[in-house]
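Visitor: Have a look at this one before I ask anything.
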Amino acid sequence: MRYSIQDFIQLIAQLRNPNGGCPWDLKQNYESMISCLTEETYEVIEAIEKKDIPNLREELGDLLLQVVFFSQLAREDKYFAFDDVLQDVAEKIVRRHPHVFGDAKAGDETEALSRWNEMKAKEKQGKSEETSILDNVPRALPSLTRAAKLQKRCSKVGFDWEEISPVFDKVREELEEVQAEINRTSIEQNKVEEEIGDLLFATVNLARHLKCDPEDALRKANLKFERRFRAVEQAVQQQGKQVNNVPLIELDLLWDEVKKQEN
């Protein structure tokens, strides 16, 4: 059987049907499904980064399931249905691409993005009572991403360095403040945490100035570290040893060897 999107919507509705539906699905609500939504989103990202196209197909389906499930919850509460979600996003795509569906012109991607932002700004006029340039930056965003967005918003009104040098200086300053905290006779953990936070925030600003997405950069660094450490583990096992029994100096040598092989 070949399922359509309407068939799929009905499948999810049946899962939520009090008469014969699934007990687990019936117990779920908006809040309980947040972790599922987050997990499925990151699994899509992982499939893309691994260039695992067959798995990407599956993970996109799982992500679609989340969208339809949340829409079903909203339909039950008489807020909106999946068709409304689809209608809204289709209208938005048409509205924000006047250079495709209208008479506006966009010669390159910069102009196209400018058209998008112009339409987005028009939509917001009179729609909400914003009191700050920082309004509507979702607090649920990953912290690195949210930091970059906050900084970008401030940059739009001139609260930003134009040169890269003071950005580097700020990172050094925050690093020194971390060092000062841990050099105290009595270390206050909350103070250390605060200074580490400031250091991370300054580092995100450096990444932004260098046109790097901090979340992507850290994710790739995680993958690189994982790949290299797995190689170290394998090298240790080939020597008939266990990693936890190998001195750090030997592990460092193996690590350096792995790095050389990669480079």
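Including glycine, each Cβ sits where the backbone N, Cα and C put it.
From Swiss-Prot, for reference:
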- LYS170, VAL171, ARG172, GLU173, GLU174, GLU177, LYS191, VAL192, GLU193, GLU194, ASP198: ATP 1 binding site (BINDING)
- GLU174, GLU177, GLU195, ASP198: Mg(2+) binding site (BINDING)
- LYS224, PHE225, GLU226, ARG227, ARG228, TRP255: ATP 2 binding site (BINDING)
Visitor: Can you see whether DSSP assigns GLU226 (ATP 2 binding site) to helix, strand or coil?
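Guide: Note: GLU226 (ATP 2 binding site) is helical by DSSP.
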Visitor: Of all the binding-site residues here, PHE225, TRP255, which one's CB has the most other CB atoms within 10 A?
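Guide: That would be TRP255, with the highest Cβ count within 10 Å.
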Visitor: Around the Cβ of GLU226 (ATP 2 binding site), how many other Cβ atoms lie within 10 Å? Please give the count over every shown protein chain.
Guide: 10
Visitor: Same chain, not part of LYS224, PHE225, GLU226, ARG227, ARG228, TRP255: whose C-beta falls within 8 angstroms of the C-beta centre of the ATP 2 site? Give them in sequence order.
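Guide: Here the nearby residues are LEU223, PHE229, ARG230, ALA231, VAL258.
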Visitor: Hey, of the binding-site residues listed (LYS170, ARG172, LYS191, LYS224, ARG227), which one tops the CB count within 10 A?
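Guide: Answer by Cβ density within 10 Å: LYS170.
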Visitor: Report the member of GLU174, GLU193 (the binding-site residues) whose C-beta atom has the most other C-beta atoms within 10 angstroms.
Guide: GLU174
Visitor: Please classify the secondary structure at GLU177 (Mg(2+) binding site) using three-state DSSP.
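Guide: SS state of GLU177 (Mg(2+) binding site) = helix.
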Visitor: Through the lens of DSSP with three states only, how would you label LYS191 (ATP 1 binding site)?
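Guide: Its secondary structure by DSSP: helix.
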Visitor: Taking 8 Å from the centroid of the Cβ atoms of GLU174, GLU177, GLU195, ASP198 as the cut-off, which other residues in that chain fall inside it around the Mg(2+) site?
Guide: GLU173, LEU175, GLU176, VAL178, GLU181, GLU194, ILE196, GLY197, LEU199, ALA202
Visitor: Other than its own, how many Cβ atoms are within 10 Å of the Cβ belonging to ASP198 (ATP 1 binding site)?
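Guide: For ASP198 (ATP 1 binding site), the count of other Cβ atoms within 10 Å is 17.
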Visitor: Of the binding-site residues GLU226, ARG228, TRP255, which one sits closest to LYS191 (ATP 1 binding site) when you measure Cα to Cα?
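Guide: Nearest listed residue in space: GLU226.
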Visitor: Spatially, and counting Cα to Cα, which of the binding-site residues is closest to GLU193 (ATP 1 binding site)? Options: GLU177, GLU226, ARG227, ARG228, TRP255.
Guide: GLU177
